[in-house]
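Look at TrEMBL and you will find V119, N143 tagged as substrate binding site. Annotation comment: TrEMBL describes R198, I199, D218, P253, L254, T255, E256, K257, N279, D305, H329, V330, S331, G332 as NAD(+) binding site. Marked as domain 'D-isomer specific 2-hydroxyacid dehydrogenase catalytic' by TrEMBL: 60-357. The domain 'D-isomer specific 2-hydroxyacid dehydrogenase NAD-binding' annotation in TrEMBL covers 153-331. Summarising the annotation, TrEMBL assigns region 'Disordered' to 1-21. Annotated site 'Important for catalytic activity' per TrEMBL: R281, H329, in sequence order.
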Amino acid sequence: MATLSAAAATVDGTGSRTLHANSPDSKKIVGVFYKANQYASLNPEFVGCAEAALGIRDWLESKGHQYIVTDDKEGPNCELEKHIHDMHVLITTPFHPVYVTAEKIKKAKNLQLLLTAGVGSDHVDLKAAADAGITVVEISGSNAVSVAEDELMRILILVRNFLPGYRQVIDGDWNVAGIAHRAYDLEGKTVGIIGAGRIGKLLLQRLKPFNCNLLYHDRLTISPELEKETGAKFEEDLDVILPKCDVVVINTPLTEKTRGMFDKERIGKLKKGVLIVNNARAAIMDAQAVVDACSSGHIAGYSGDVWNPQPAPRDHPWRYMPNHAMTPHVSGTTINSQLRYADGVKDTLDKYFKGEEFLAQNYIVKEGKLASQYQ
C-alpha cells in the first residue's frame with residue numbers, strides 16, 4: 001500500500017484512494033461557495049454563502065483541521081488553484097460549482113473526498129473521480145421540497161403569463177390585453193413530469209389540488225399508492241408523452257444519456273405552444289434549439305434556474321430569448337435548504353473523520369463505482 005503523503009490518501013491494490021478518515025492527522029478542507037457581500041449579515045441562518053461557510057468553521061478548527069473558504073474558482077491564478085495540490089476534501093455546490101475536471105483531479109494528489117453541498121454532482125468528471133479512487137458524496141434530499149415548490153411557482157408564472165404584467169408595472173405601463181391574450185388556468189392542463197424522483201414525486205403531490213391531468217416518465221414507476229393519491233399516469237416512452245403535454249417539467253439528472261436529450265428534433269415533437277420548466281440541468285437541453293423554439297413560438301414559455309455554464313456569461317442567449325422566466329440557480333438554496341445541506345455536510349465530515357460509512361443514498365462514487373443514476 002503506497003502512501004501519497006503523511007496526511008493524505010492511501011492507494012490500495014485497485015488504485016482506489018482509501019478514506020483515512022480515522023487518522024489523527026489534520027485534514028485540509030477547501031470550500032467553494034458564492035459570495036454574499038452586503039447580504040451576508042442580513043440573516044443569521046444564511047449559511048450557504050462564503051462568508052458563513054456552512055457554519056462549520058469553528059467546529060472544524062476545534063478539531064485541528066484547516067478550512068479554506070473562497071468564491072474564487074476560475075483561472076490558473078485563482079485561490080482554489082493554490083490549494084488543489086494538497087487538499088483532502090473539496091466542498092462545492094451546484095449554485096457556484098467548481099468544475100472538477102480530469103485535469104484538476106490529476107493535480108489533486110491528496111484528494112480523498114468530493115462533497116457536494118446540495119444535490120447534483122455533474123460538475124464533477126465522475127469517471128475521472130472513479131478512476132482515481134476518489135469518493136464523491138452529495139446531500140441527497142436536501143433540496144427536494146425547495147425545488148418542487150419553485151417548480152410549481154414557475155409553472156404558474158408561465159401559465160398565467162405573469163412576467164409581462166410585472167414588467168408593465170415597473171415600466172409605468174398598463175395594458176391588460178398584453179397579458180390576458182395568453183394567460184390561462186392551470187386546471188385541466190396536461191402536465192408531464194420527466195423524472196419522478198424525490199422532487200418529481202413532491203411536485204406531483206403539489207399539483208394534485210390544481211386538477212391537472214398528470215403524466216410522468218421515468219426509468220421506474222412510482223408506488224401504486226402515490227399513483228392513486230395523485231392520479232398520475234406512467235408513460236414509458238418519452239416521445240409518446242411529450243406531444244400530450246401542455247406543460248413539461250424536467251427533473252432528470254444530467255448524465256451522458258440525458259445530455260442534449262432535448263435537441264431540435266425532440267423539441268419539434270412537443271405540442272406547439274408548450275411551456276417548459278427545467279430546474280434539473282441546462283445541458284439536458286440543446287441551448288440554441290431552445291432559443292430557436294422560443295423565438296418561433298413553438299415553446300411559448302421557458303423557465304428554470306439552471307444554466308450551462310454557471311455563472312451564466314452576460315452574452316448567454318437564454319438571457320435574451322423571448323418568453324422566458326429564467327433566474328440564477330437559486331431554487332435549491334433557500335434558507336431552509338441551506339440549513340439541511342449544511343447539517344448534511346457536517347454529518348458527512350464527522351463520519352469521514354471517524355472512518356464511518358456515509359449514508360448510502362449520498363454516495364455518487366464509491367470504491368471506483370458510479371451510482372446507478374449516473375451510469
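From the backbone N, Cα and C atoms, a Cβ is placed for every residue, glycine too.
Projection of TrEMBL feature records onto the structure.
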residue	record	Cβ within 10 Å
V119	substrate binding site	26
N143	substrate binding site	27
R198	NAD(+) binding site	19
D218	NAD(+) binding site	19
L254	NAD(+) binding site	21
E256	NAD(+) binding site	10
N279	NAD(+) binding site	26
R281	site 'Important for catalytic activity'	24
H329	NAD(+) binding site	24
S331	NAD(+) binding site	24
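Close to R281 (site 'Important for catalytic activity'), meaning Cα to Cα within 10 A, are none of the binding-site residues out of N143, R198, E256. Largest Cα to Cα distance within the recorded NAD(+) binders R198, I199, D218, P253, L254, T255, E256, K257, N279, D305, H329, V330, S331, G332: about 25 Å as a whole number. For the pair V119 (substrate binding site) and D218 (NAD(+) binding site), the C-alpha distance works out to 18 angstrom. As a whole-number mean, the pLDDT of the domain 'D-isomer specific 2-hydroxyacid dehydrogenase catalytic' (60-357) in this prediction is 97. Distance from the CA of N143 (substrate binding site) to the CA of N279 (NAD(+) binding site) is 11 Å. Within the set of binding-site residues L254, E256, H329, S331, the entry lying nearest in space to N143 (substrate binding site) is S331 (CA atoms).
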